[in-house]
Amino acid sequence: MLRRVAVAAVCVTGRKLRCEAGRELTALGRIEARGLCEESSKPFPTLTMPGRNKAKSTCSCPDLQPNGQDLGESGRLARLGADESEEEGRSFSNVGDPEIIKSPSDPKQYRYIKLQNGLQALLISDLSNVEGKTGNATDEEEEEEEEEEEEDDDDDDDDDDDDEDSGAEIQDDDEEGFDDEEEFDDDDDDEHDDDDLENEENELEELEERVEARKKTTEKQSAAALCVGVGSFADPDDLPGLAHFLEHMVFMGSLKYPDENGFDAFLKKHGGSDNASTDCERTVFQFDVQRKYFKEALDRWAQFFIHPLMIRDAIDREVEAVDSEYQLARPSDANRKEMLFGSLARPGHPMGKFFWGNAETLKHEPKKNNIDTHARLREFWMRYYSAHYMTLVVQSKETLDTLEKWVTEIFSQIPNNGLPKPNFSHLTDPFDTPAFNKLYRVVPIRKIHALTITWALPPQQQHYRVKPLHYISWLVGHEGKGSILSYLRKKCWALALFGGNGETGFEQNSTYSVFSISITLTDEGYEHFYEVAHTVFQYLKMLQKLGPEKRVFEEIQKIEDNEFHYQEQTDPVEYVENMCENMQLYPRQDFLTGDQLLFEYKPEVIAEALNQLVPQKANLVLLSGANEGRCDLKEKWFGTQYSIEDIENSWTELWKSNFDLNPDLHLPAENKYIATDFTLKAFDCPETEYPAKIVNTAQGCLWYKKDNKFKIPKAYIRFHLISPLIQKSAANVVLFDIFVNILTHNLAEPAYEADVAQLEYKLVAGEHGLIIRVKGFNHKLPLLFQLIIDYLTEFSSTPAVFTMITEQLKKTYFNILIKPETLAKDVRLLILEYSRWSMIDKYQALMDGLSLDSLLNFVKDFKSQLFVEGLVQGNVTSTESMDFLKYVVDKLNFAPLEREMPVQFQVVELPSGHHLCKVRALNKGDANSEVTVYYQSGTRSLREYTLMELLVMHMEEPCFDFLRTKQTLGYHVYPTCRNTSGILGFSVTVGTQATKYNSETVDKKIEEFLSSFEEKIENLTEDAFNTQVTALIKLKECEDTHLGEEVDRNWNEVVTQQYLFDRLAHEIEALKSFSKSDLVSWFKAHRGPGSKMLSVHVVGYGKYELEEDGAPFGEDSNSREGMQLTYLPPSPVLAESTTPITDIRAFTATLSLFPYHKIVK
């Protein structure tokens, strides 16, 4: 798969960038941390590097001087105190700058301005779907409405606290099925095979999307993002991580708004979220909020750049947050590999710096060396946070004139120091060293075999109109016939390949651009890694001999043009973040297109880049646990074990010669899946507001809704093939995983052309059935859907493929289990959900051994008896939709189920009291612990679910302030609204480190917080209560950004068989009926003497977690193969107040079960 970034989507645990073929890839080097308060559009997890909790610190792109952004011919200089009548005179048309090229499908208007202090801004007016308004609304009308709305706004933020990473993680437990993209995606390009090889994504992963739909699709927020054209490259040598630390510190109060967490509290109160990221050469801040409060939010946010306080006391506490972030990042192979790669740069190059920062570099070492970190922070801010380095993007349902007035008034106060921006472009060829063209063996944390081949090229940003690396990566990452991966898969040497440049700062900056090819190897592939590398070099040599092909370029260009022309709108906060970075890179006319379109075919530019990809300039990194014992070096910051070897002489000599090409490697054929018909279809049945059931038989049913809102030539097809066979045993669950992964493997080559033509598909091994998801341009979508069903019908596997997939699945299960947060979830759901097979059960069943015959028998039985449920939405007729279901039924020719099957687990009813399940983490090199305190409620109504959402929303800010800001217990701290197979509850989770705290201490502090929170809500004013209710209503009231959000919400109702498509309306109605006493009574009832409380501790390894003999965990530890739960007893103090769970099966065997329950009324 090629690695090219389209529009980035962000998420809680990290950042994933969606690649051209519609799958996901993790961006190497992106330092990130996401707040859980607003779980962005799509859970695209990422690597994490330094960043505030809600911060994503990123090592991002080049920092080139933008072209054409000064005043120029049609440039516009915003003036302080501009004449109001002149401004109003322009407002009636609300027409944007014609120079800025936008998609015909984009209803927004754009205007570029430059303030007198040098700050450049892009104003985005989104007046589409404004009820009762048109694009001709005047500033006066807007301001009048604003004043009226603000009359009842209560500005008491005093009690609301900092929430950099907290936020209500309102996610349904059933949605938490494994391989939900937030929790179980691999954090490494080398490991992306797990995306397809995990079965962890159950059908309730779809429910996770419902949560996100609830939070982000219900309102199109106003949003802003600001990019400072300076990042971690500017870190002083004696204070590593200072740029990242400053990005944290500017949030901590300002001269105008001194409350330390005032901005976060203001956003939280008004349904907003914020984040920030530190990159190599850029630092980005962004937020969104309800439109009504956008102007005030802009003023509060701008103070970060006008006069932040950065008081000494806050510095000491925030260093702990940065250090916790670093500790969380240490077990990531992606981060470890990146740090190792940076260390290969020549001395003096900034890539060799430690961007993260930690307590050692920001506190202890400075103290030892008499460095005043506080003074240096302010000095760094004054030097580098200058207006003329900044690009700002604001988007709201205001006229362009209104936005210009606000931006000019507020952001003109940012100082301009008049100093030139730091420039690193003279530091070229950082990796032109003898150490680069070597073989590096690395011992990873995870179970993985991977080979990464990397070249460091001259900076490529100036070639954005040609995008030579995108052209090359499209071919190298191709998975169809004649491709590298197709050949390696046939040899059973590789499972996945990602090639190209992810456009992060680590991969592309003003000093170099990386081109890398990461290949996930099988066990056999690891043994033949030199042959694998040779295959890559043969393919590249073939491309070099052929030279650039205009046919291929034009095919890529056509695919990109189609996607741009018919693009769907994205979440505003993601969009403005992307645009403010684009403003640093592209001239004004290409702000919206520069990162996506291929403008010019220049074969000489492509050839110049292609001809540098030769073996003599390549760096080889081989990751494998098999390297243990032969790696005698250790990277300073992440402790990565590695060795450096000369490439074997026989291969060196071969690659120097005119070696033969491989006849099995060739260019891809012409793509038959590229859409050419974009006609919008007419209705062939009555229009409905919600999906209607148009087919209902014993074998299946179909829900359908024709799109008449977004009016794009795309469709979404989703099917759930339900079978009772899957959950009958742990072995069956594993066989189902193997089946889905082999099916995905079988489809990889024939379906790849569809994938790159913007037709996306995913097969998900759900808890109760196979989920098929297909979307894209409707013209050729039936071809892809039929291809999937054909391969499902004719499923087969060779012994070699079966062995390859089962071996990889062992690694996948292992990699999931060694993460404390995912093990904690597995333990919690194993306790709560009756008859659930845990990940450890599955791992053990796989280790016990399964045969190909058992798989084929399982698949035969699975296909013989099913119930199929589907949803089709978009630019398709009802007749065409029925054809999809008919095709499934006719091809599979299955019998109906003998009885209706529930698509959820029964849940155990916890006894009253406090129950504690404390287990050791399974990665003995990981200091991270996870503590979750869960309160079970029971079978509740939709009204009570909504009340619980409101409770958690109230809880977010004080939870974060108490547990992270004041107690500094950990980086990730959040309350969560839990829906576990229809049974309600709420929890508070803290990720901490055993090097700093004992898990029981954290548990007690969580209880301390909940006690203080009870007092807080009792003293809540009616105004403060109503403000929060209004904020949640607003989040549920606004329109979807694009069709996919509406589909996600509807699919969640279908896949859980709840069918309450107007759920949001019912929740809004419930919210309007709540009083403060409802909230207080509900909380007290669940915290009282009869409360049902479960604490789950996954205990890391460090000095605060000692075994009974006083030895730290992990010393003289057993082999990593021992994947058993090791229960730990509570301390004598905690034992007095808790009931320990030391055998989950024995504990749950004695408990009653709740009846199956759905939250539908």
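Here, residue 1 is simply the first one shown, and the rest follow in order.
Cβ coordinates are placed from backbone N, Cα and C, and glycine is handled just like the others.
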Pick from S85, S166, S425, S941: which does Swiss-Prot describe as phosphoserine?
S85
For the Zn(2+) site that Swiss-Prot lists with H244, H248, give the additional residue from the candidates E296, E325, E338, E360.
E325
What's the most sparsely packed of the binding-site residues H244, H248, counting other C-beta atoms within 10 A?
H248
Kindly assign H244 (Zn(2+) binding site) to one of the three DSSP-derived states: helix, strand or coil.
helix
How long is the line from the C-alpha of S93 (phosphoserine) to the C-alpha of E247 (active site, proton acceptor), rounded to the nearest angstrom?
39
Report, as a single number, how many Cβ atoms besides its own are within 10 Å of the Cβ of E247 (active site, proton acceptor).
29
Greatest C-beta neighbour count within 10 angstroms, which of the recorded positions S93, E325:
E325
Taking DSSP three-state, what's S93 (phosphoserine) in: helix, strand or coil?
coil
